[in-house]
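S.K.: Input: one structure, supplied below.
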Amino acid sequence: MSRSGDRTSTFDPSHSDNLLHGLNLLWRKQLFCDVTLTAQGQQFHCHKAVLASCSQYFRSLFSSGGGHPHALALGPGAQDGLGGAPPKEPPPPPQEEPGTPSSSPEDKLLASPRAINNLVLQGCSSIGLRLVLEYLYTANVTLSLDTVEEVLSVSKILHIPQVTKLCVQFLNDQISVQNYKQVCKIAALHGLEETKKLANKYLVEDVLLLNFEEMRALLDSLPPPVESELALFQMSVLWLEHDRETRMQYAPDLMKRLRFALIPAPELVERVQSVDFMRTDPVCQKLLLDAMNYHLMPFRQHCRQSLASRIRSNKKMLLLVGGLPPGPDRLPSNLVQYYDDEKKTWKILTIMPYNSAHHCVVEVENFLFVLGGEDQWNPNGKHSTNFVSRYDPRFNSWIQLPPMQERRASFYACRLDKNLYVIGGRNETGYLSSVECYNLETNEWRYVSSLPQPLAAHAGAVHNGKIYISGGVHNGEYVPWLYCYDPVMDVWARKQDMNTKRAIHTLAVMNDRLYAIGGNHLKGFSHLDVMLVECYDPKGDQWNILQTPILEGRSGPGCAVLDDSIYLVGGYSWSMGAYKSSTICYSPEKGTWTELEGDVAEPLAGPACSTVILPACVPYNK
């Protein structure tokens, strides 16, 4: 109690508890809720005031109006919304560019003033969000080793440091001999250095007791016991130093099992070269020198891959790069996302140096090349680019490579032997017939034989040392053509036409067959989804229509083959008038379509897909 003249100020210590209890009661009874959060299809009705008082993210979003964030892509480089109101009279899709509509009914939904009250939180798990909301309304959070990672992820995405702190405290208190490996993995994923050090103490204690054969087996194991190659090296040094007189004879053998090229050059100098036997032992000296030389030539690393430079994993993962979201602003995405098969969800891996859609990606020795595309939507190709970038998943880094000689979007790119090929497309001059070839070793572009006809929005695939190009648009007309390029002879040959004209489709190779899937064609002035799936036999030069059509129309999806299935991600459905955020999967062996759990961060048309091997610990939401 404090006095000032005839006034008295009295503090009620129970008021904050009573207020929180009252808010929790309103939440439990769903009274006066003014915003709905959706995560993994589950809805949570909440109060904006509560969210904004605890979360910097929501505070900024609600105070700024948040655009129209019907669906939020949360993570590095994510945008707050999908776009604003469409033009008063949206123009019809131009015939010469069939791939992406100028507007859709979904644009009107996104432009609704009420959209701010319904937020789809892509990248947040429903379990994690529920537990975080319980904390906001009760000051209590229920954690276990099975749920703490999801809670931690949501708290970091939504910028709620109090919950992050509680998660860290829980992990630090829970570390034991039985669970330190699991805790160490969680700590590595989320950059929790203190927790990682505590967990590693248990690991080191176990490792020091191993004999030589057990230590050697540990270094060869997949996945590795620690999150980085440097940590693996340091663990090996500790083992050797623990009984130096007896164990130092094993140093060369153990060092051969390490992949020094996976350690960044500065750390090789500061942390590896500083260890005495790495400078004095001839075998260790050579291993270090080879790694240094590897890092000196970044533009040729994709030509110098060996076991010493490959990620310690053998599991390929599905990647989605860029794409065009709905909305009249039509700014392409710069996100690179990957599908976590264990969690059944798409996660943000990194961001590109620029925004892009209608581009191509090509995997080369587990490096991802991103070529061309457009950084703004324009039906006449005014914003087509000639950019070429290479992504390195080992270090989460990008480098710029020599640009293509022509700007191009809606084209096809592939790898064949030691070359990349880019074929056709469109730019401000119109449709292209030109074909460029990039030598992966010399880092140079050159022209090779052009397509017989200018084409854009076509699909392509590589089979048996040759490149196949199907469909597309030629001078505004959809075509069923199939061309085959022989790189040895540098000639194009016309093959049997498809049964259906189509563009903005995909062409995938499996079991010596080419599958033409998705796309659309024109009937009068109307775009129609192509539902038929066609299969081509290169030996017999014959197309067959399969009995199982595609699940739903998909124009401009990302496409990749993984294991025994063909994956289509995103795209646009003309029959539904909607951009897609889901992933559908076709099994040629079973002849069936399925839909994967989990959506990408936002609906997209014109993204690109590939498969790469990622490190065991992917810090996807740092």
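Each Cβ is built from the backbone N, Cα and C atoms, and glycine gets one as well.
The annotation compositional bias 'Pro residues' is assigned in Swiss-Prot to 87-96. The domain 'BTB' annotation in Swiss-Prot covers 33-145. If you look up Swiss-Prot, you'll see 73-108 marked as region 'Disordered'. Swiss-Prot lists 317-366 with the feature repeat 'Kelch 1'. The repeat 'Kelch 2' annotation in Swiss-Prot covers 367-418. The repeat 'Kelch 3' annotation in Swiss-Prot covers 419-465. If you look up Swiss-Prot, you'll see 467-512 marked as repeat 'Kelch 4'. Sequence annotations record features per position, and here Swiss-Prot assigns repeat 'Kelch 5' to 514-564. Positions annotated as repeat 'Kelch 6' by Swiss-Prot: 566-614.
Describe the structural context of these features.
M.R.: In the predicted model, residues of the domain 'BTB' (33-145) average a pLDDT of 67.
The DSSP breakdown of the repeat 'Kelch 5' (514-564), given as helix, strand and coil counts, is 0 helix, 26 strand, 25 coil.
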S.K.: Counting a contact as 3 or more Cβ pairs under 8 Å, with residues at least 6 apart in sequence, do the repeat 'Kelch 5' (514-564) and the repeat 'Kelch 1' (317-366) touch?
M.R.: yes
